[in-house]
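Comments concern the structure below.
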């Protein structure tokens, strides 16, 4: 099996980003640009992944974390792409091939890279190229007019006027045979307008050495677009999100507007899922059959089962939602919550770290925290489970078939027994008996001849 090494060039300063954050750490679809490149590289199961870092390098390494499968090589001076790859030479195998990727080209797909790798072997070279209507700024692919074979790559700054008319450009992504790589890199020169060591100069060397050069192209141009400023980053963000939306629509998802939708992780959908505008999905989100997500909702690490509806302006995170539930509008479901089947959570309700059993309803203006709630419970408007004493959290247990009247407070730790009714306006501090009405109110009185205070007119 052919050994594949990967070199990722991530040492650039990114001046045009106008940011103290290294360019490769700017987020796209919820994760740093470099993470996209690393994730794609890992899909290829390479022998080694070598990251060339420079500007802000320690922060880059810290953000990526301790991955024993990554080799980090520092490029102290940014002297060009050829110089950058040369820094990785001690880490690369003597045989096999090396795939060169760029830390600021985040959206190239693994299938595109697999096709490129298939074109290469231990004694040939493969380039990823693309034809652009406006190729300005890119190196041009120079081909033999008779054989159509690649002869060289000429950078924009060094190209002749006739060469600048060529629309086929070099993306920078290439597969190189390791057996030639050291010799080629040693022969690079910086005698050009930029004074840099261009990796692309090895193409002419390969031609002179009789090495066959193959080319491959991506399915979409935006796969090979790099990020140099915030405008390009924004453009790639939308291209990525529309590509994700297209894939979901091909699976049957219905969008109110696929242009107003963001996935910052992974979204898996069942049949007949409907997603309204301005919804954001973060982490791992799974939606079952016939689920409807209304406008302006945020879902983070959520599993929602068949037939459930999330109404507008709701936020759900780290939660499991059962079948045929109703959540919102304006509901907040916080981490550690499980809603069983047919649970209703209404407007301006917050639930945290709680289990709500099937058929229960919390419809209005309530806070339920650290609670184990049984089946068929009805929580009146303005109910608060008082779970925090200033130092520790305590649990509230509400058993099956309980009715809690409006504007009630349950002071945890407490158990409201099966079938209990809590009268409206009560503050409950002790466990309640099963099947009884429990109240805690002062006696209502009316004061005759009482006059409301009035302001002086002085």
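Placement of Cβ uses the backbone N, Cα and C atoms for every residue, glycine included.
Over in Swiss-Prot, the protein carries these features:
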type: REGION; residues: 1-230; note: region 'Pyrophosphorylase'
type: BINDING; residues: 9-12, 23, 75, 80-81, 139, 155, 170, 228, 334, 352, 367, 378; note: UDP-N-acetyl-alpha-D-glucosamine binding site
type: BINDING; residues: 104, 228; note: Mg(2+) binding site
type: REGION; residues: 231-251; note: region 'Linker'
type: REGION; residues: 252-458; note: region 'N-acetyltransferase'
type: ACT_SITE; residues: 364; note: active site, proton acceptor
For the region 'Linker' (231-251), the number of residues DSSP places in helix, strand and coil: 20 helix, 0 strand, 1 coil
Of the binding-site residues listed as 23, 139, 334, 367, the one whose CA lies nearest the CA of residue 104 (Mg(2+) binding site): 23
Integer Cα-Cα distance in angstrom, residue 23 (UDP-N-acetyl-alpha-D-glucosamine binding site) to residue 364 (active site, proton acceptor): 45
Sequence-remote partners of the region 'Linker' (231-251) [C-beta within less than 8 Å, at least six residues beyond its ends]: 17, 26, 28-29, 33, 106-107, 220, 222, 225, 258-259, 261-263, 267, 269
Least surrounded among the binding-site residues, given as 80, 139, when other CB atoms within 10 Å are counted: 80
Per DSSP, three-state class assigned to residue 23 (UDP-N-acetyl-alpha-D-glucosamine binding site): helix
Assigned element (helix, strand, coil) containing residue 11 (UDP-N-acetyl-alpha-D-glucosamine binding site), judged by DSSP: coil
Alpha-carbon spacing, residue 80 (UDP-N-acetyl-alpha-D-glucosamine binding site) to residue 364 (active site, proton acceptor), which is rounded to whole Å: 62
